[in-house]
Amino acid sequence: MLGEERMSSSPHLVQVRERIRINGQPISPEHFTKHFWRLYHRLEETKVSIQQGWCSGARSHRRASLFLAAVFPRGVRERIRINGQPISPEHFTKHFWRLYHRLEETKDSSSCVSMPAYFRFLTLMAFHVFLQEKVDLAVVEVGIGGAYDCTNIIREPVVCGVSSLGIDHTSLLGDTMEKIAWQKGGIFKHGVPAFTVPQPDGPLAVLRERAEQIACPLYLCPPLEALEEGGPPLTLGLEGEHQRANAALALQLARCWLQRKDHQEYGAPIIRDAVRTLNSLQTNASYLAEVKRRRGDLQTQLETMKLYLARSGLQVEDLDQLNIIHVTGTKGKPTSHMRHGLRDTEWPGRTQILCRGPLTWYLDGAHTSSSVQACVRWFRQALHRRQKSGPEVPEVRVLLFNSMGDRDPAPLLKLLRPCQFDYAVFCPNLTEVSSTGNADQQNFMVTLDQVLLRCLEHQQHWNRLDEEAASPDLWSTPGPEAGGPASLLLAPRLPHTHGTSSLVFSCISHALQWISQGRDPDLQTPSSPRDLLVHPVASSGASVLREAAAVHVLVTGSLHLVGGVLKLLDPSLSQ
């Protein structure tokens, strides 16, 4: 039989089988699954299994999490977790194809769209996984906004939470904090308790009004300081002052569920899940682009989600049994279990520090103005602590940055200026120039040329900020100079500035090779391309980085970028 093999470049993630065709036809789901896992196990030689049970007691309780907006270093499976662990490759494949075939069988022939978009599909799949795995608790993160988000088909969660609000995605949610607060308050449900953290007066008033209209009891979380009175201070596993608000909200969400279910001894794992969810409430660009591509307004999209749920074999009523904590961003002392939960919380890529020989990597997926401000405070405080704890040594500071979507990078880069970087490095969110192994980092809706052009724009913004900092304001009124009257000074003296050299690399791997200069004992990357040091800045900077006693690298601007960096710094995260 004459066979023809062909590789397709179709951008449709759901219909991935179309990329591999034999005799013009996509390979069957069975063949795709068989060959996929045969290759996967050959390469990885490991198997990720679901952690069974997480607490001792009369019965094993299982909790689940759905993260829509966040991006994770280990890829798409980390969005759906059971007992804190990503679902296994086998479970992901099983549930994926079961849902896919069900939707194929129930599609309307008159409809031009047979499959829900990427994030809707993941939401449907998560609900199916949670119900079939019979979880006791589900922590569900909103994708974008709240009122018309695809997760808002949940009718009666156990408790709802709204984290710190900020200005973001104004084309969809509104251009003021009050409009955004209205969208966030859309997850409130009649008679279901809701919690929020201190907000500006305007947005807080909107949340209160939304709660009153829906008859939802809304509570303002007490700060951690109030919970620490008369007891030892609370230790947080995640660094940064902004984590205290997240921890305060996580405590109240967990306490509410525990009181309702009378399971006080299970506080620690629920606290960890809640804190992780609150830290992942940063909507990524691919989700935003997907929402913008869909026709109709947000309300229409929510109704469409209900139709997809029915086609998949579930009804809205089926979700009532999940005991859901719905998160989009009472006072009582934390129990010992809650304290352990806060202390033991880990979240890769969020205020994370990795010490590798002379290199120290600071990783934070901040990508909004408010989160970048928090990132800068955390980074500078971390540097200050390290400088106080040891002798002063020659050091180099490096920024590795990228931003995605239609977000304006200029304000974010301006916020990073006070960190006084010696080098600013920009690269796409691709671990390698080749697309192999990049599926979870790659945005298939843009080309490599487009993402490289955006990196060059980032570099131009940064250089412009450098020039503005170095240029004196000739029109300002000069102040008096020592030893002479102010009237004799015709032009102000140039201020001392901390200049920054900037570079653009084609992928994360090349950027890390240049930054580390072989001094990170755990970093394993392919051999460097011949032209990696052709640029004068790259050549001279390589010498500086090799000779520095300490190199501090801040990676920020995109969770995709942080995920790709972690994938190379710690390959075990990809297993």
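Note that Cβ sites are derived from N, Cα and C of the backbone, with glycine treated the same way.
Those TrEMBL annotations? Automatic predictions, nothing curated.
Taken from TrEMBL as is:
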- Glu141, His169: Mg(2+) binding site (BINDING)
- Arg350, Asp364: ATP binding site (BINDING)
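The candidate set comprises the binding-site residues Glu141, Asp364. Of these, Asp364 has the most other Cβ atoms within 10 Å. Cα-Cα distance from Glu141 (Mg(2+) binding site) to Asp364 (ATP binding site): 19 Å (rounded to the nearest whole number). Calculated from their C-alpha atoms, the gap between Arg350 (ATP binding site) and His169 (Mg(2+) binding site) amounts to 21 Å.
By a simple count of nearby Cβ atoms, those within 10 Å, the most crowded of the binding-site residues His169, Arg350 is Arg350.
Cα spacing between Asp364 (ATP binding site) and His169 (Mg(2+) binding site): 20 Å, rounded to the nearest whole number.
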